Amino acid sequence: MELWYSENHSEDVKFSIRVDKQLYTGKTDYQRIDVMTSKEFGTFLTLDGLMMVAEKDEFIYHEMITHVPMSVNPEIKNVLVIGGGDGGTVKQLVRYEGIENIDLVEIDRAVVEVSMRFFPGMRVGFEDKRVTVYYEDGLKFIRSKRNEYDLIIVDSTDPFGPGEGLFTREFYGNCSKALNENGIFVNQHESPYYDNYANSLVRAHSRIKGVFPIHKLYQAHIPTYPSGHWLFGFASNKFDPLEDLDADKWNKLGIKTEYYNTDLHKGSFALPNYVKELLENA
Ligand code: SAM
């Protein structure tokens, strides 16, 4: 019998992948975790029935969430990642020799354990001695932090369940306090295409706007995410992601990427008109 993984991308749209084998299923205090293999996307991990990471296209999301801020300020030394238990974001960050410290705050220890087991290619970050993993709620962790980080990356699930607090005004305000004066904040910002995702995107954007004077969205094409059209948020008190992009400096680092490059960086901030209109209402 054929096995298919199906995920609702809207009330009337399902996205399906033919599954070769279910490798793992488990339930934690926070969510259900499944790992499957497929011919098209390789091994993939879902949380509560939503795609988190797939071997074949994870590079797009993880390169865009890390190299965009790192090329705007290549002097970044102290980084906080909230969520990101699959290891994809820290895998990209540890490629920068200049980064001295990375704190990763993941609410669910099982996501890290399962990812280490089934995605050996993503382990490298967890094995780097600059990385410390805290198993805590990011919403609580950030409350006591002041002027510490050069970069905060929010690599979270969607705004319901354990990830809900990571889309609140309180959380964004505390992120601003936890950043130093050169700080940059980047988050996964949902999809503009289907209403159910677009509504949370608009809400999150209006909250971030109220906290950071510089706030822009950029986009990438990620085949396994709803509609394939995904946005990220860039916010800062100081850096503009286009005016302050130091393309030569980043290119001289010699970091080999499969998706990101500094031309694409510039283009990724040029948004379609329907997305601009959505944001005007935020
Ligand atoms: N790339 C992904 C996406 O956009 O679908 C995100 C993947 S990553 C696995 C998301 C992680 O955020 C999950 O492992 C989840 O446990 C973690 N998470 C959710 N809420 C959290 C919270 N409040 N504090 C810390 N981590 C959280």
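In case you wondered, yes, glycine gets a Cβ from its N, Cα and C as well.
Any TrEMBL annotation is an automated prediction that lacks curation.
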Check your understanding: Looking at TrEMBL, ASP86, ASP155, SER156, THR157, ASP158 are annotated for spermidine. Which of HIS62, HIS205 sits in that same site?
Key -> HIS62
**Study point:** S-methyl-5'-thioadenosine site partner of GLN31, GLU106, ASP137, GLY138 (as recorded in TrEMBL), chosen from PRO74, PRO159, PRO162
**Key:** PRO162
Point to revise | Predicted model, mean pLDDT over the domain 'PABS' (2-237) | key: 96
Exercise for review: Please give the greatest C-alpha separation between any two of the spermidine-binding residues HIS62, ASP86, ASP155, SER156, THR157, ASP158, in angstrom, as a whole number.
Suggested key: 16
Check your understanding: Within the set ASP86, ASP158, PRO162, which binding-site residues show a CB-to-ligand 1 distance under 6 A?
Key -> ASP86, PRO162
